[in-house]
Every structure is written in structure tokens, then in C-alpha cells.
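Student: First the structure, then my questions, so here it is.
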Amino acid sequence: MAGRYVALGSSMAAGPGIMPRALGSPRLAGRSARNYPHRVAERKGYQLVDVTYTGATTAHVLSDPQNAAPPQIDTLDGSEELVTVTIGGNDVGYVPFLMAAALPRVLRTLPVVGRGLVELLDVHNREAALTGIGDSLRMVGERVRDRAPRARVLFVDYLSLLPPEGSPAPPYTTAEAATGRRIAAQLAAATAEAAHATGCEIVRASTASTDHHAWSARPWTVQPAIPWPWRPAPLHPNEDGMTAVADLVVTVLDAASND
């Protein structure tokens, strides 16, 4: 039996809408019993403590409670053999930007809702958020290494949502899709840099999923749409995506164990 495994992160690790919900998890967490942490734990025999939570930011990992949940890092007790971290997208407004851009454009003219949408869609706001994400991710890596000194710590970046440049991604305009791709690329780069700078490892789900974006023939993520209960959330991983990420994590774990 392998040891303790703690999964930290946001909805891209939690798997909102992928049924069934993790037993005993808060409904607002959107935590699936079939997300990649659960699949990795099943395959490798780890004792999983999954504290991933939809909407989490790096601050929710490090210091801030989220609803009734304490900061995620408080779960670490030093006995861990494995920690995975999937975080950062909410800090930079990645999925919120894509969600806002997919809504009917008339909503942007409404007094209250429109103001919030315009702020989310402002490219300068997104660029400003990206300038600080590297430091935030490095802080996550440093704090996790400090709290779990025996563990292998794997940063697992985000699955690709958008198709490559030149491919249509309705309902997004060319400019909106380009902004989304730029946010994703900079977030992936910052995640890899943080992993390397803090002695952690990187699992490049973003690169592995290039041909499995939400508009592809075999998608690992879901296109923007109206969210329905008991279905994978729009602009998030589907079950195939979670399986693929688990495969990537297990491959990294097995490669080191065979060295």
C-alpha cells in the first residue's frame, strides 16, 4: 500500500459535474469521485485526501478559507508521499474570461452584469493578473515543499480548452480565442517555471491535450454551453480528460520509480 496523497487545486482538478460526487465532499467544491486525483490513487494504491475546490485560487491554497473549507495547505501534515497541485487559472481569470466571452453580447450592455463582464473581458486586466501569477505559483511550490518535505510534488497544468490558431472556436471571435490561448500559454509557462524553481515536478497536461481541445473529434474538455446538473461543467475536463491526466501523472510517477 502506497502512502498518503494530498490533491490541491481548483475545478480543473476537482472535476465539477463528473458523476458521482466524491463522498462527503462539499457540494460547492464540485469534487468528483472520478477526477484525476481519485484515479491516480486507485491505480497506485495511495491513501487520498482530496481538497480540490471549484473556484480556488493560489490564496485559497496558501492562506484563505473558501466557504467553510480551511486553506488547502493546512491538510499537509508532513507524512505525504505525493502532492499534486493544479492551480492558477482563477487567479488570472482564464475560464472566467472564456465564460464571459461566450455569453450573449447584449448582456455586456446591462447596468450591473455588464460592468462585471466588461471587467472580465478587459485584456489589460488579464495581462495585469498574469504579471503576478509566477510569484504566486512559486510561493505555492515553496510552501508545499516546506510542509511536505518527504513528498514528490507534481504541478499538473491545465488541459487545453481552445483549438490551435487558425481553427474556429465558436462562439468566440478570433480576438477572444487569441486572448484565451495567450492566457493559457502564459499560465502553462508560469506553472512549469514555478515547478522547476521550487524543486517540484511538472506534468504538462496542456501540451498532451493539444489535439484534444473542446472542439476536437475526441475532446478532453467541454465546449462553452449552459451548465446542466450531473454533466461535466462547460470549459472544464470531461471524464476522458480526467482519465488522460491520470495517465500522465502515473507515467511520471512510474518513470521515476523505474530509474
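Residue numbers in this text run from 1 along the chain shown.
Glycine is treated like the rest: Cβ placed from N, Cα and C.
TrEMBL does not curate its annotations; it predicts them automatically.
Annotation comment: TrEMBL describes 7-243 as domain 'SGNH hydrolase-type esterase'. Residues or ranges marked as active site, nucleophile in TrEMBL: SER11. For HIS236, the entry in TrEMBL reads active site.
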Student: I need the CA-to-CA distance for HIS236 (active site) versus the residue listed as 'active site, nucleophile', whole Å please.
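Tutor: Here the two Cα atoms are 8 Å apart.
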Student: Cβ-Cβ under 8 Å from SER11 (active site, nucleophile), same chain, 6 or more residues apart: which ones?
Tutor: GLY30, THR52, TYR53, THR54, GLY55, ALA56, VAL95, ALA233, HIS236
Student: What three-state secondary structure does DSSP assign to SER11 (active site, nucleophile)?
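Tutor: It is helical.
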Student: Could you tally the C-beta atoms, other than its own, that fall within 10 angstroms of the C-beta of HIS236 (active site)?
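Tutor: Result for HIS236 (active site): 26 neighbouring Cβ atoms inside 10 Å.
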